[in-house]
Each structure stands twice: as C-alpha cells, then as structure tokens.
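Let me begin by presenting the structure, written as structure tokens, before commenting on it.
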Amino acid sequence: GEPAGLSVLVVAAGSRVVPESTLEKRRIMVVAMVTPARLVHGGDAFANYRRRAMRSRRPAIAGVQPMSNPRVVAVVAATARRASLASPFGNARGASSRAASRTRTRGAASLDAASVVPDADPPKRKHIHPPAVYVSEPGEEVLMQFGESMRVEELPAGTRVAYPGVRANAPSDPKTMRAMVEHALDNPIGQPPLREKIRRLLKAKSRPKILFAFDDVSIPLPPMVSPDIRSVILEEAERRCVEEGVDPRDVKFVCSIALHRYIREEEFRHVCGAKLFRKYYGKGQMTNWNAVDREFSVEIGVTSEGEKVRVANEFAEADLMVYANVNYVAMDGGYKSYATGLVHYDTLAYNHDSSTLKRTNSLFDPPRSALHKSIVRIGKVMQKHTDVFHVETVLDDNRFPWYLSWVQIAWRRMGFLRQLVAKISCFFLKFLPNWLRLWIFWGPLVRGPFGLVQVVAGETEAVHEETLRANYEDSVVDVDGQADVLVLAPTCIGPYTKDTYLNPLLVNTYALGYYYNMYVGGVPLLRQGGVMVVVNPMPYKWSSPTHDAYRAIFEEAVGPLGPERFEELQARFATDDVLNDIYRNGLGPAAVHGFYMYTWAAHGMEKVGKVFVVGATDDRGPNALGWEKCDSVVEAVAAARAWLDNPDATATFWQCPPVGYARVAVAGGEKERARIAAESECPKAKAKRKALQREAEKEGEKKKAEENAKRAMLARAEEAKRSAEARAKEAKASVAKKKIRRSDAVGLNASDAAKAQAERATAGALANARMTAPRGLASRREERDMWLGAVTVPPAHLDGSMPGDAGFDPLGLGVDPKRLAWYQEAELMHGRWAMAAVVGVVAAEAAGAAPWWSAGGAASYALPANALLAIQFAVMGVLELKRVNGFIATGESGAWSSFPFDPLGLQKDATRVAEVKHGRLGMLAFAGIVAQAVVYRVGPLLALRDHVEDPFGCNLVSNVAHIGQTFEAVASKM
C-alpha cells in the first residue's frame, strides 16, 4: 500500500547502529526516501507519505507498531547513486517561514519533525520576488546603489531592466543549520565520514596534525549575523576530532586570506565562534596566513603547466585539513578556497595576471574561466600533498535585515510605502557625512540574516559540483540578446571595502570586473565594443592606511601606464616593504593586491568600448581611467548612443543586489555567436589588433630583408675567399716555375710578391664582405629627441632605426650605408673603452692610488715593460682580429666567437639606446679627465672638490679666461 518507487529504511542515528527495539522504545521513527530527484517540499508523493506517517494510527511500516506522537529524525531524498549526499534540509526554499528546532541529540543529525517538514503543505514557489525582464515606461524610475548611498534614477524610455529576483528563504535558525552541518560531516561525498578519517589517521600516527582553514571576512556580504555558518562548521568538526582522540595542541586554525587584509581579533571571534576563540586564539593556534614573506611557505610541487606550488607551512605540515567555506556566488569555493587562499604570491601570480583574466570568459562560469583552470591544477597538487576534507555551504538571498529588505526589490514592485521609505532614505543619506554613511553600511545595523540553502562535505571537486548547481538554481535570468549599452550601479558593500571607502580603483574593479562578468553560457550581457554606464560618485577618498597601496598603484601605474603597461611596476610593488608592513600589521592588503584589483577588470576593459560615469564628484578618478562624466543616466545613455553612432542602440539596466547571472539567448547557435562577436568587436581592441598586425608585418619584412642581406653577404664572402685561394695557388705555381730559371734570391722576391698579392686579394674580399647597412632597433622610433629639438631636419639616412639616432650628421659622413655601419661599430667600441676608463680613473683616485697618468709607469711588474707591451699587443691583436672578422661576418659586436656577445639577454631596444648614450657621455667625460690632467695635473675627484669649494672661482669659464696663467704656473712646477 506504499507509494510506488519508495523504500522505507531504518537508518543509524549519527554513526552508531540503533536497534529497532530501541527505536520503538524511544518512540522514534527514521524515514529515508529514495526517489529519482532531490527532495522538493510540496511534492505529492512526499506530502502524502508524510501525512500517512505522521497522522495515521495504522502501522505505516511493516513490522513497526503504531506510535503516538512519532518523531522523524531524518528525511533523505536522493537518487540511489547519491543517497549519501542528500541532506534532509538541503533545498527547502519553498518554506514560507523559518522553522525552529526544539530538540537535538548531541552528536547526531536529529531534529523535531517540525524543523524538518512544515506541518502544513508548503507553497511551491521558489522566489519571494521572482526574476523579471521588462521594458521601462517613459519617466519610469529605479533604485540604484550610489557608493555609500543610494539614489532614485530615471531610465530612458525603452530601457530593458533585468532583475535577478530574490529566492525564497532557507532555514536560518541556529539549531537547524547545525543539524545540517552535522549531517554533512557524517555523510560526505567521495570520502569517508570525518570521524572515520580521524580514526584511520590516529591508527597510522599517534599525534596527527589537524588544520582548520576557513574563508576570510570578504564573504558573505554584508557580514552574517551570529552564529556565522563557518563557526558552526568549525565547532562541529573540531568536536569530532577531539572526541576521537586528537590532541588539541596539534590543532591549528588558519584564515586563508592570501593577500587580503588580516582579519582582526573580533572578526576571529565572529567567524570561529566564541568557544573556539577562547580555546585556541590566546595560545597562538588561531592565526592569519602571510602570503608575502617566503619564510612562511614551502614549495610542494609543480603543475602540468609548470606552475610552482608554494603553500603555507601549516598546510604542508598538516596530515588533514578541514576547510570551512561560505558561498553565495559561483566564482568562489572549490579549489579556489585554498589554492588561492593558502598559496604564496609567487603561485598567485600564475593566474592573477591580465593575460589570464582576459582569457577568463566570465568569472562566474568556472568551466569557461582560464583563472579557474589554473587554480584547479594548483589545487590538485595541494590535494595530493595533504588530505583535504572540504565543507561548502550555499547561502540564500536574505542579505539585509527586514528594515532594509526593500533594497533588493524591483522598484515597480515595491508599492507606495516602500518607495516612500526608499526616497526618504536616499534624501537623508545625501546630507550625512561620508564617515557616518560608512558606519551605517558596515556597522552592526546591517547584518545579513542569511539562510542555509545547502551544506555538502567531502572531496573538493565532487562537493563543488553540488555547490555550483545550487548557486545557479533559480538565480539565472534568461535575457534575449545582448545590449549595446549596459547600466550598472556598484554597491559599496564589496569584498575589499569592508570598513573603508569605495575608491576609484575599486569602482573599476566592481563594475568592469564583477558586475560585467555576471553571465553564464559564454555570451556577456554587453556586446563587445558596447558602452557601459556606471552610476557612482567616485570620490577621490582612500582609506589610510588600508588603501595606501591602492592609491600608490592607481597614481603611479594605472593612470600613467594604463591597462597595457601597468604590470611593468608589479615586481617593484610586490617587494615594497613599507607598503607590505601595512599588510603584516593587519591594517590593509598586501602591496601588490592593487594590481590584482585592476587585473580583475581585464576581461571587461578588453571588451568594453567606452565607459560613462554618472554622478562623479571628482574628476581625478574618471580622468585616470579614461571615463567620461555625465549628470544623469538619461544623459549618459544619449551620449553612449552618440558615441556608438546608433540612435537606436539598446540599453539594459542590470540590478544588483540581488545577485544573479544573465544567460543571453543568441539565435543561430555557435556560428551566430562567432559572427556577433566578430561584427561587434570593440573599437579599441580592433584598432589595437590592426596596429599589432601592421607592426608584425613590418617586423617580418625587416627580418626577411636582413636575412636576405646576410645570406648575400656570406655568399659574397665565400666567393671572395675562393677567388683569393685560387689566385694564391696561381701565384705559388708561378713562383715555382720562376724558381727553376732564377736564383734563390729572385725566387724569394717572387714569393714575397705572391704573398703580398694574396694579402691584397684577401683584403679586397673582406672589403666586399662588409656590412651593407648599420644595425637597427627592433622597432623604428617615429618620435625621437633631436639634437636641435623640433627645428631639426634629420637627413634621409638617419631615419630613427639606429640606437642613439638624434638626426646629427652635418657633414654627411653616414650617407654610405657601409661606412655608417663601421662608424656605428667604432662609436660603440670607443664608448665602451671610455666608460671603462672613466670608472677605472675615478675608482683609482678614490682608493688613494697614484695619479692615473703615472700609475702605469710607477708600478713595478714581474716582467719588464717591453715584454709586457709585446704580450699586450699580441693578445689585443688576436682579440681585435677575431672581433673584426666576427663583425664582418655577422654585423654584430662580440667577443672571440660569440656574436653578438649577450650572455645576460640585455640586447633590447631600451638597453641599446642607453648604451649609446652612456658611451657618448663616457667619451666626453674621458676627454675632460685628460684635459684636466694635461693642464692642471689633477684627477677628476680633486677637480670636483676644488669646484665645490669655490664654484665661482673654479669653473670652466674662469679657467678658460685664465688659461695662459694656468699654463705658466703648471710649467714652473714641472
């Protein structure tokens, strides 16, 4: 008589087998339902069976006597393949009210029936406020976030509004959430229960080390009301470890902050719970992870892509890590929890760079994210090194207390009273000082009464698969077609603005990073090359010292260098001890973190054609980012349409909060997607791509011409060599014939003549084999400094391709490319010798040695001077001959047989130009040193001292004016 397809099972309470007699004696009935789908409150089969089990006086189960007031301890719904995964409370979003548990057996996942299933049949709706996509009417207004405030803005008529909706509340009372956590710990997926893992570990090792790691306070937002779900997970997991025999001294708690700000003492108390805080914090067993200083980390392996995995010492030393995750967006969780949070900066750099982020097609769609693919590779190396028991939670949309719940409601659904409250709030917020608004949004009045949608424990990948499914469920908004203009209003309640102001760098991060990426399916809501309208005041306020590094990066890297070159300064900031001390002292993020904030928007910056900002109160932020200011959304959308040269361009407003994901429908499949992407390519990206193509073509043509010239030169050299050898043989043969008829003396003269002729032939061959053009830079400089400034008219043969080319050749000495190549080599060699000489002269004088012009003769050597000169001439002659021959053959400077000679890889355009400039300064300096020595018999340092002591009496002008007297005085001393 039972419903078809259902099985009635008696299961264990907690981890111990409970006999049927005990169950009957305690009047407990345990029901497990195995169905083809997950439990959905309100399902007919479940509702009918529950009513029968709870209300019938007849035996509901064969062999079990009727029970008065029976108590259902667990209702499990899942497929037979995944029965262990199911939670009796896993997805009860249809509940109209939050059920309260009245009893709980310590150590067992047991609840009153009222806390598991509502007494009345629950409603079937999945949302408190369903998602919607609608078109605005003329003059219609919407509520928008506005930094540390809010404002009501009018939308242009016909604007599409995409509203993600608010899901129905999940259980939030502490007893229910604790029971859900206990069930997950005792029924993991892909791994044994936590207690069993601990028992096995204790059998293998007498004192195993247990690490409890957890997410920092950047999530959830706003902060969760107490108890935080992480504290529940940590308390239950720690209790199991201690009860099974783990020594508390071998337990550590580490916050996986990576490069975020250290969490504070009161935040540890909130996240870990007061009980664990009192037990471990004072003993130094509850700490933050330092991802900057290498002494706190160790390398444990390398990924298949060559990424070196450097992790926290605590992780590397642990035998088991239990990770407590809190999750309400699809970007977080999985391997990202610890393969980002517990790794060193060196490892983070592999995937937190602009190149990776540009290939990350939505941060909230991990399978399409290059960032997440790298994180998965790193996480697998970590998981192989240390056993990981992963616990992930999914929170509902109940982010604000009841008196602020209207913030997440679509404006046209609010009703008169809520709209009045919203307008009054916006009005008064305008007149409050920033610090007071900051306190309101981050103070104790704004705490999220989040409910627990789902908690799953076990192996990381299997757990995260369920987490993603729950995150996406009922949070995806289907939108028909991409937008030309996207309107966004970033909130100040973000992961990097806790207790701080929303500065321009973070506005860019939130708008072009997080908000732009809120899509799934590979197609963003805004088309490539489209326009983004950001509603934000963008005050130039930087909370100090928390955001000192952000400000320095924004002013030194972001503004001056832009998205193409800002990473050039990343290495410098990464090792800046002054800014990193802010991180070490728990006052702000690491110095390099600001680069990641700008990088986080790389995908959006690459695809978005133009950004307009509405309501900006300071020009510095928008100007540095290249954004244009507008006073209203209507004005900004009109400016966007003008910029697009399309008066009919479609505009869409994406409301957030609440959080959701856009799934853009594109007709025609993948071919249509590719066509749309090609036709709507961002103008900036298109222009950049074409410029790079032109540069690549020019570079290819240049390399091809150089290779052809080099091959022709080598061919001529080889031909000249063969001709010279042939002529030499003929000369020898002629000498041999003449020897028969002439005397020995005459023969010797003929032999000398043949040698001379061969030498002349060889010299001619070398002359023919010389370089046909001087060496140039990798890319010709169109704009360069001229020796007479803007009035300089450079000769045609000085086109900016040579390093150090300032257009100076008044005598036309370089008209012949062959001579110009030799002049270039000669200048480099003289410059190098001059630089070495200047350094030697100054160093010798500073060391107190004899004057440089007499040092050689004053010193005594092991060999006579003549012998030394002979050796020097011989050695230098061989080296110079090798250099000249190498230059003739390759056209490059070098030494011995290495052409070019560049063991450190410094032969770049910038260093080649610098070498020429320093060489010229060196020659000029050496000429001055020689002049000083000849005229005054003093070295450069002594001359500098005289000038410093009497700058007006001892300088170039005064010395030239009295040059005659100087010569007489010097001559009298000789």
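Positions of Cβ are set from backbone N, Cα and C atoms, glycine also.
Summarising the annotation, TrEMBL assigns region 'Disordered' to 88-131, 683-710. As annotated by TrEMBL, compositional bias 'Low complexity' applies to 92-110. Residues or ranges marked as domain 'LarA-like N-terminal' in TrEMBL: 166-357. Annotated compositional bias 'Basic and acidic residues' per TrEMBL: 692-710, in sequence order. Residues or ranges marked as chlorophyll a binding site by TrEMBL: Glu827, His830, Leu863, Glu915, Arg920, Gln932, His947. Residues or ranges marked as chlorophyll b binding site in TrEMBL: Arg832.
For the binding-site residues Leu863, Glu915, Arg920, a Cα-Cα cutoff of 10 angstroms around Arg832 (chlorophyll b binding site) retains Glu915, Arg920. On the 0 to 100 pLDDT scale, the domain 'LarA-like N-terminal' (166-357) averages 95 in the predicted structure. In this record, chlorophyll a is bound by Glu827, His830, Leu863, Glu915, Arg920, Gln932, His947; the longest C-alpha to C-alpha distance in that set is 41 Å. Helix, strand and coil residue tallies for the compositional bias 'Basic and acidic residues' (692-710), in that order: 19 helix, 0 strand, 0 coil [DSSP]. Within 10 Å of the C-beta atom of Gln932 (chlorophyll a binding site) sit 17 other C-beta atoms, taking all shown protein chains into account. The Cβ of His947 (chlorophyll a binding site) lies under 8 Å from the Cβ of Cys954, Asn955, each of these being in the same chain and 6 or more residues away along the sequence.
Other Cβ atoms within 10 Å of the Cβ of Arg920 (chlorophyll a binding site), summed over all protein chains shown, number 17.
Non-local neighbourhood of Leu863 (chlorophyll a binding site): Ile871, each in the same chain, at least six residues away, with C-beta under 8 Å from its C-beta.
When Cβ atoms from all protein chains are considered, those within 10 Å of the residue listed as 'chlorophyll b binding site' total 16, not counting its own. Sequence-distant neighbours of Glu915 (chlorophyll a binding site) (same chain, 6+ apart, CB under 8 A from its CB) are Pro803, Leu828, Gly831.
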